[in-house]
Amino acid sequence: MNYTTQMDAAKKGIVTKEMEIVAKKENMNVKDLMELVSKGKVAIPANKNHKSLDPEGIGQGLRTKINVNLGISKDCYNIDMELEKVQKAIDMKAEAIMDLSCFGKTEEFRKRLIDMSPAIIGTVPIYDAVGFYDKELKDITSEEFLKVAEKHAENGADFLTIHVGMNRKTAATFKKNPRRMNIVSRGGSLLYAWMELNNKENPFYEGFDKLLDICEKYDVTLSLGDACRPGCIEDSTDASQIEELIALGELTKRAWERNVQVIIEGPGHMTLDEIETNMKIEKKLCHGAPFYVLGPIVTDIAPGYDHITSAIGGAIAATHGADFLCYVTPAEHLRLPNLDDMKEGIIASKIAAHAADLAKGVKGARDWDNAMAKARRDLDWERMFELSIDEEKARRYREESKAKSKDSCTMCGKMCAVRNMNRVTEGKDLNMLRDDD
């Protein structure tokens with residue numbers, strides 16, 4: 001192999017097998033895709049050690065992808081349950097899965113996840129550091145943090161989320177500009193705490209070149225985390241968020257110089273009117289790098305329904321430039337999600353992603369909707385079920401409330417507009433009073 005990373009190959013004009021697969025999925029010319037990868041506008045996260053990977057592209061002109069979060073916590077330490085969630089995410093065709101395990105020895109779960117998953121796998125190494133070393137956070141050294149990142153890369157993680165932009169300058173901006181919710185990023189808060197407790201620079205910022213060595217060695221995509229993402233609508237688009245984003249833009253250029261692919265992580269909580277502006281700011285400051293957003297969650301008052309608040313924000317964000325949506329479940333802000341929560345979150349995120357693809361004019365996006373429109377006009381219920389984003393639910397709802405007429409539903413019965421227009425245009429009687437058809 002005469003290249004180190006997907007970006008290195010693209011710059012050299014080499015079409016990798018991963019590029020070929022992604023181009024076929026996206027129905028685009030592979031040379032056009034290669035050009036986007038070479039410029040950092042598209043990332044293809046593909047660790048050399050992730051042998052079961054079915055690669056996907058994230059970025060400009062491609063379908064909007066979704067990510068599913070899962071992982072072990074201290075209160076819910078159940079590897080088998082988390083592996084069930086992995087299978088659920090795979091079955092529902094999530095393009096990416098992030099292991100957010102944050103307690104104990106996590107390598108066994110991480111390796112099993114990577115071995116079984118065709119989806120892109122992301123991790124957050126700092127979550128693992130305390131358990132990895134059995135040390136208090138403040139006692140972990142800069143070199144030890146980097147060693148944990150290398151272990152995750154060696155295990156086969158396709159992208160690593162690392163909050164490199166939480167440097168001393170960003171921290172100073174945060175201190176000067178108080179927030180209602182402080183720092184709500186788990187990884188960002190851990191790094192900020194470590195920096196304060198040790199009076200030192202962010203180890204990943206200070207050791208960024210070493211981090212790039214790791215990413216280049218394993219072809220790991222660097223997902224630059226947003227430590228200062230807003231945790232409530234009052235904190236959105238503030239000085240801390242923008243200061244960090246400026247730093248991430250500078251770090252992006254350094255990574256690209258080393259042929260390391262980059263994804264930028266983004267907000268967060270914000271009102272509808274701020275979303276488009278935030279997408280444009282990120283694309284400008286971070287040089288068109290793919291944008292990965294959590295939500296955005298557009299109101300803070302809906303615990304139990306944040307899959308909806310997130311889908312609303314995600315659809316708008318992706319319409320205006322976001323490339324990758326992190327799912328949010330009904331359990332957000334309340335507890336670890338279960339399998340039912342996962343399903344709701346995945347479907348909500350997929351709806352948001354697809355709605356945005358329609359708005360952006362992504363090639364082929366309308367084909368699905370056009371097929372559904374034809375099935376509905378034909379009153380082909382079986383085809384409607386097959387095309388439904390949640391086939392099981394669609395079938396169950398119809399089965400639970402059966403119409404007397406086979407070509408209508410219990411909402412309208414024989415007053416169904418589609419049925420009656422079909423019959424009239426075919427020269428047939430409506431037969432409104434009989435139950436035989």
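Quick reminder: no glycine exception, Cβ is built from N, Cα and C everywhere.
Swiss-Prot lists Asn69, Met98, Tyr127, His163, Ser185, Arg186, Gly187, Asp226, Ala227, Cys228, Arg229, Glu265, Tyr292 with the feature substrate binding site, giving sequence analysis as the kind of evidence. Residues annotated as Zn(2+) binding site in Swiss-Prot: His269, His333. The [4Fe-4S] cluster binding site feature in Swiss-Prot is assigned to Cys409, Cys412, Cys416.
Here the binding residues for substrate are Asn69, Met98, Tyr127, His163, Ser185, Arg186, Gly187, Asp226, Ala227, Cys228, Arg229, Glu265, Tyr292. Their largest Cα to Cα distance works out to 20 Å.
Reported as a whole number, the C-alpha separation between Cys416 ([4Fe-4S] cluster binding site) and Asn69 (substrate binding site) equals 42 Å. For the recorded site, Asn69 (substrate binding site), the DSSP three-state label reads strand. Checking each of the binding-site residues His269, His333, Cys409, Cys412 against Asn69 (substrate binding site) by C-alpha distance, the shortest gap belongs to His333.
For Ala227 (substrate binding site), the same-chain residues that are 6 or more apart in sequence and have a Cβ closer than 8 Å to its Cβ are His163, Gly165, Met166, Thr170, Ile183, Ser185, Gly187, Gly188, Ser189, Leu191, Tyr192, Glu244. His269 (Zn(2+) binding site) falls within a strand when secondary structure is assigned with DSSP.
Under DSSP, Cys409 ([4Fe-4S] cluster binding site) is assigned to coil, being neither helix nor strand in the three-state scheme. Counting only residues at least six positions away in the same chain, the Cβ atoms of Gly71, Leu100, Ser101, Cys102, Thr106, Arg186, Gly187, Leu190 sit under 8 Å from the Cβ of Tyr127 (substrate binding site).
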